[in-house]
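A.B. asks: The structure's right below; bear with me while I get my questions together.
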Amino acid sequence: MALPQISTADQAKLQLMQEMEIEMMSDLYNRMTNACHKKCIPPRYSESELGKGEMVCIDRCVAKYLDIHEKIGKKLTAMSMQDEELMKKMSS
C-alpha cells in the first residue's frame, strides 16, 4: 500500500509543527527541572548525591508537574474544540 504524497507546503507545516513540539517539550523540561530543583534541593548542599528525601521530593514534584501539564492540555483541547463548534454554528 503506497503512502499518500504530501505537498511541499504541507511538509513545511509539518516540519514547523514538529519543531514547535520539540521546543515546547524542551521548555516544559527546563521549567519542571528548575521548579523541582528549587523546591527539593537546598541551595547549600554538602553531598554529591541526592539524599532519599530529596529523591522522593523530586519524584513527587515531577509526577505532579506532568499530571497538571496533562490536565491543562486536555482542558485547552476541549476549549479549542468548543470554540471550533461555536464558530461553525455562527457561520451556518
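Cβ from N, Cα, C; glycine included.
Below are the features listed in Swiss-Prot for this protein:
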| type | residues | note |
| --- | --- | --- |
| DISULFID | Cys36-Cys61 | disulfide bond |
| MOTIF | 36-61 | motif 'Twin CX3C motif' |
| DISULFID | Cys40-Cys57 | disulfide bond |
A.B. asks: What is the number of other Cβ atoms found within 10 Å of the Cβ of Cys57 (disulfide bond)?
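C.D. replies: For Cys57 (disulfide bond), the 10 Å Cβ neighbour count is 16.
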A.B. asks: How many Å separate the Cα atoms of Cys36 (disulfide bond) and Cys57 (disulfide bond)?
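C.D. replies: That separation, Cα to Cα, works out to 8 Å.
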A.B. asks: Averaging the per-residue pLDDT over the motif 'Twin CX3C motif' (36-61), what integer do you get?
C.D. replies: 93
A.B. asks: Which residues does Cys40 (disulfide bond) neighbour through Cβ under 8 Å, counting only same-chain ones at least six apart?
C.D. replies: Glu54, Cys57, Ile58, Cys61
